[in-house]
Amino acid sequence: GTSRQIPQTIIIGVRKGGTRALLEMLDIHPNIVVAATEVHFFDWDENYVKGIDWYRNLMPFSYGNQITIEKTPGYFTSPQAPGRIHDMNSSIKLLLILRDPTERVISDYTQVYYNRVESHKPVQLFEDIVIKNGVLNTKYKAIQRSLYDVHMEKWLKHFSLDQIHIVDGNTLIKDPLPELQKVERFLNLPSRIMSSNFYFNQTKGFYCIRSDGRERCLHESKGRPHPLVNNTVLEQLYSYFREHNAKFYRMVNHSFDWH
């Protein structure tokens, strides 16, 4: 009695915002099934040309009462993704998880840093990438990805604000349940995720998941220690994002506790 369904909900981003944590936590819900990998259907042309049947075949099998969810953080910053998703399903519900944009930049750098170290490639200090000739390097991709207002503008051309639920990534890590209950309501699902589904792992410094008699934590690549960043550089980042954040708050009628 199961079949593969095109997702009724997509986690569209943001990269290093907590998309994997959100997906794994939602997977606790009996009415949700999740795609195992990031599909990159709507942001990568080489996948998009393969067509909707190719996309559907990458989804898990589900029952009629279950919602299929996939997550690809690259969608949020992709110029093509909003229109392509709208063409597939104009009434789809979208989940966007965001965190303080400066923290997100540092986390983005940290992921690339560790990947380069593991591949025995040369690495640069954070400050040497972010500051060029004494000024902020605003062309740095990690900074561009944190301009939430710029990217959100593209999504709001195709979707109404009530189709996009924003999850506070900073709160999700500290206290998952309230954020997940908001998602349950947004998706019109019965409340099934409980506080007993989470326990704090002192070693890792974040919450792990307990469901179906099993306990699991996010991959060891999550929650890696960030580099200590020079305070002057931090202030430059805070200052640069301040106006963009204010614009974003106005766009979504909601404020966040960001620098």
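Yeah, the Cβs are placed from backbone N, Cα and C, and that goes for glycine too.
Feature annotations, courtesy of TrEMBL:
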| type | residues | note |
| --- | --- | --- |
| DOMAIN | 7-245 | domain 'Sulfotransferase' |
| BINDING | Lys16, Gly17, Gly18, Thr19, Arg20, Arg99, Ser107, Tyr207, Lys222, Gly223, Arg224, Pro225, His226 | 3'-phosphoadenylyl sulfate binding site |
| ACT_SITE | Lys16 | active site, for sulfotransferase activity |
| DISULFID | Cys208-Cys217 | disulfide bond |
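There are 23 other CB atoms within 10 A of the CB of Lys16 (3'-phosphoadenylyl sulfate binding site), with all protein chains counted. Cα of His226 (3'-phosphoadenylyl sulfate binding site) to Cα of Cys208 (disulfide bond): a span of 20 Å. A Cα-Cα distance of 13 Å separates Gly18 (3'-phosphoadenylyl sulfate binding site) from Cys208 (disulfide bond). Here the C-alpha separation of Cys208 (disulfide bond) and Arg20 (3'-phosphoadenylyl sulfate binding site) works out to 12 Å. The two recorded residues Lys16 (3'-phosphoadenylyl sulfate binding site) and Cys217 (disulfide bond) have their Cα atoms spaced 17 Å from each other. When the binding-site residues Arg20, Arg224, His226 are scored by other C-beta atoms within 10 Å, Arg20 scores highest. Sequence-distant contacts (6 or more apart, same chain, Cβ under 8 Å) of Cys217 (disulfide bond) comprise Asn201, Lys204, Cys208, Ile209. The least crowded of the recorded positions Ser107, Cys208, judged by other CB atoms within 10 A of its own CB, is Cys208. For Gly18 (3'-phosphoadenylyl sulfate binding site), the Cβ neighbour count at a 10 Å cut-off comes to 28, with all displayed protein chains included.
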